[in-house]
Amino acid sequence: MDLMVSTSSAQEGFCLIQQFHREYKRGNKLDVSCRTSGSISSKIPLGSRKRNRLVLVSAASKVESSGLNGRAQKFETLSSGYSNSNGNGHYSSVNSSFALEDVESNNHLRQMVRTGELEEGFKFLENMVYHGNVPDIIPCTTLIRGFCRLGKTRKAAKILEILEGSGAVPDVITYNVMISGYCKAGEINNALSVLDRMSVSPDVVTYNTILRSLCDSGKLKQAMEVLDRMLQRDCYPDVITYTILIEATCRDSGVGHAMKLLDEMRDRGCTPDVVTYNVLVNGICKEGRLDEAIKFLNDMPSSGCQPNVITHNIILRSMCSTGRWMDAEKLLADMLRKGFSPSVVTFNILINFLCRKGLLGRAIDILEKMPQHGCQPNSLSYNPLLHGFCKEKKMDRAIEYLERMVSRGCYPDIVTYNTMLTALCKDGKVEDAVEILNQLSSKGCSPVLITYNTVIDGLAKAGKTGKAIKLLDEMRAKDLKPDTITYSSLVGGLSREGKVDEAIKFFHEFERMGIRPNAVTFNSIMLGLCKSRQTDRAIDFLVFMINRGCKPNETSYTILIEGLAYEGMAKEALELLNELCNKGLMKKSSAEQVAGKM
């Protein structure tokens, strides 16, 4: 694109047009030059002409080096010309306000934005505008985006306000960034407010951003109103627009209404793509109409759209969730026969379902065939299998596949290790569990809270609370905050070991940390007290439990009744049992069981 401006003198000729960025982005060649209406007067001294040329070259080089390849700064030449009052042609002033000062300021702002100095950039922008400089919208848009990413939409909105009042003209990209920031922050009303006041026409991206936010918030009716406004402003929906609305309609109003929207989409000349069809297939499956979804899948090619692996995965998952795993296996075989390349997700859907159903042999067959079809199993492929072996107490097979997994270059994740640790602890192999836990960090897998809780609980149940407490200290050192499960395990273990006073100490530490004890924790303390023939303290603890807002359960009362009987107060125990039954606090069947043990 040839951007030339006719001027009456060379110093007025240097001009950058506001549309520079858009033309550059479109790939048009820009020729920014000046065209003079006549030759430069011979009366102008050669030195002055050279200085004038240097001003132009300097400005041009600053523009070039500043990277103004986007929506460029508008430079104007407001020179006062040459003064010839004395007839000697001296250069009186070149008040160049295609503004080197603006260029320098914008360069500095741009540099701040590039280095992530958002707050400093904001202050500099305010100072720029205060001194009359016109900001370039490219770094300002980047500033808006940066603050939006930090959730500081108010600061971002202030930048947009500064831009609008400075003489700069924000374009649709700037507004889209601001609207997107509001939508991501859940401030949809503010986004709509920006849409209403935009000084340029919104584009399809603007509307799609707002429609996505409204639909995700369950505001389908309002989204349809925005669609109407979009059409009124001659902004035509694209496939993304309709797919957003079809997905929301499937969720909120059902597939029947979504199909009407699909028809409208076609009537407007907008062709659905595979993503649109996948949304509909998913909606049909969620309504429990699997056979209809399969028919829809088979009809897609005749509608001009080939299903992809995601389409098949949706159907496959629905087949598995409804127990039709044999159909799922047939669908996988059909995919392979037709030349579709299944993804690792495809295989994992089937493996996961078969393992949950205890069909480990079939799951192994599928896992072993994956490499033949260009898919390497990942940790999500092995984890269900390991869990299945652990559930069936086949620890040898679980360890075998764990080793096979590693030998094939697939490294276990924390879910893998948690599965193995849980199984080892349940099997009483807590020392093995501790050994694995100690090796996790060296294997590049950081333990999480559930990892520690699993081993702490295993140690506590195995009567090794000393080691469990050491693990508690270790997890605290790693900034992992203990929870109710952590303390309940320790309190229970200490109580069972007869260390009830130490258990009570941990209980109060528990409370000081703001962790709310549950009935299991209270019951553990009461059981420890009753076993140490301190039923009176156990009764006090029951009262304390009620005062703390924790409702006793049948186990709480059973512990106390058995504690009274254990201390030779069978009569009092029976009286309490009858009273609890009469008040409906214990079932008659439970009371009879307790009475039978006395």
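Even glycines carry a Cβ here, placed using N, Cα and C.
Keep in mind that what you see is a predicted model, and the values were worked out from it rather than measured.
Per Swiss-Prot, repeat 'PPR 1' is recorded for 101-135. Taken through DSSP, the repeat 'PPR 1' (101-135) splits into 27 helix, 0 strand, 8 coil.
Positions annotated as repeat 'PPR 2' by Swiss-Prot: 136-170.
Only residues 6 or more beyond the boundaries of the repeat 'PPR 3' (171-201), in the same chain, are considered here, and those with a CB under 8 A from a CB of the stretch are 21-22, 71, 137, 140-141, 144-145, 147-149, 151, 153, 156-157, 160, 163-164, 209-210, 212-214, 217, 219, 226, 233, 235. Among the features that Swiss-Prot reports, repeat 'PPR 3' is placed at 171-201.
Look at Swiss-Prot and you will find 203-237 tagged as repeat 'PPR 4'. Nonlocal intrachain contacts for the repeat 'PPR 4' (203-237), taken as residues 6+ away from its ends with a CB within less than 8 angstroms of a stretch CB, comprise 172, 175-176, 179-180, 183-184, 186, 188, 191-192, 195, 244-245, 247-249, 252-253, 265, 268, 270.
Annotation comment: Swiss-Prot describes 238-272 as repeat 'PPR 5'. Sequence-distant contacts of the repeat 'PPR 5' (238-272), counting only residues of its own chain at least 6 positions beyond either end whose CB sits under 8 Å from a CB of the stretch, comprise 204, 207-208, 211-212, 215-216, 218, 220, 223-224, 227, 230, 279-280, 282-284, 286-287, 289, 303-305.
Here the repeat 'PPR 6' (273-307) returns a mean pLDDT of 95 for the predicted model. The repeat 'PPR 6' feature in Swiss-Prot is assigned to 273-307.
Taken from Swiss-Prot, the feature repeat 'PPR 7' applies to 308-342. Broken down by DSSP into helix, strand and coil, the repeat 'PPR 7' (308-342) contains 26 helix, 0 strand, 9 coil.
The feature repeat 'PPR 8' is assigned by Swiss-Prot to 343-377.
Note on the repeat 'PPR 9' (378-412): residues 344, 347-348, 351-352, 355-356, 358, 360, 363-364, 367, 370, 419-420, 422-424, 427, 429, 443-445 of its chain, located 6 or more positions outside it, place their CB under 8 angstroms from a CB of the stretch. Summarising the annotation, Swiss-Prot assigns repeat 'PPR 9' to 378-412.
Under 8 Å from some Cβ of the repeat 'PPR 10' (413-447) lie the Cβ atoms of residues 379, 382-383, 386-387, 390-391, 393, 395, 398-399, 402, 405, 454-455, 457-459, 461-462, 464, 467, 471, 475, 478, 480, all in the same chain and six or more residues away from its ends. Positions annotated as repeat 'PPR 10' by Swiss-Prot: 413-447.
Long-range contacts of the repeat 'PPR 13' (518-552) within the same chain, counting only residues at least 6 positions beyond its ends with a Cβ under 8 Å from a Cβ of the stretch, are 484, 487-488, 491-492, 494-496, 498-500, 503-504, 507, 510, 559-560, 562-564, 566-567, 569, 585. As annotated by Swiss-Prot, repeat 'PPR 13' applies to 518-552.
Per Swiss-Prot, repeat 'PPR 14' is recorded for 553-587. Per-class residue totals from DSSP over the repeat 'PPR 14' (553-587), listed helix then strand then coil: 26 helix, 0 strand, 9 coil.
Same-chain neighbours of the repeat 'PPR 6' (273-307): 239, 242-243, 246-247, 250-251, 254-255, 258-259, 262, 265, 314-315, 317-319, 322, 324, counting only residues six or more beyond its ends whose CB sits under 8 Å from a CB of the stretch. Within the chain, the repeat 'PPR 8' (343-377) has long-range Cβ neighbours (under 8 A, six or more residues past its boundaries) at 309, 312-313, 316-317, 320-321, 325, 328-329, 332, 335-336, 384-385, 387-389, 392, 405, 408-410.
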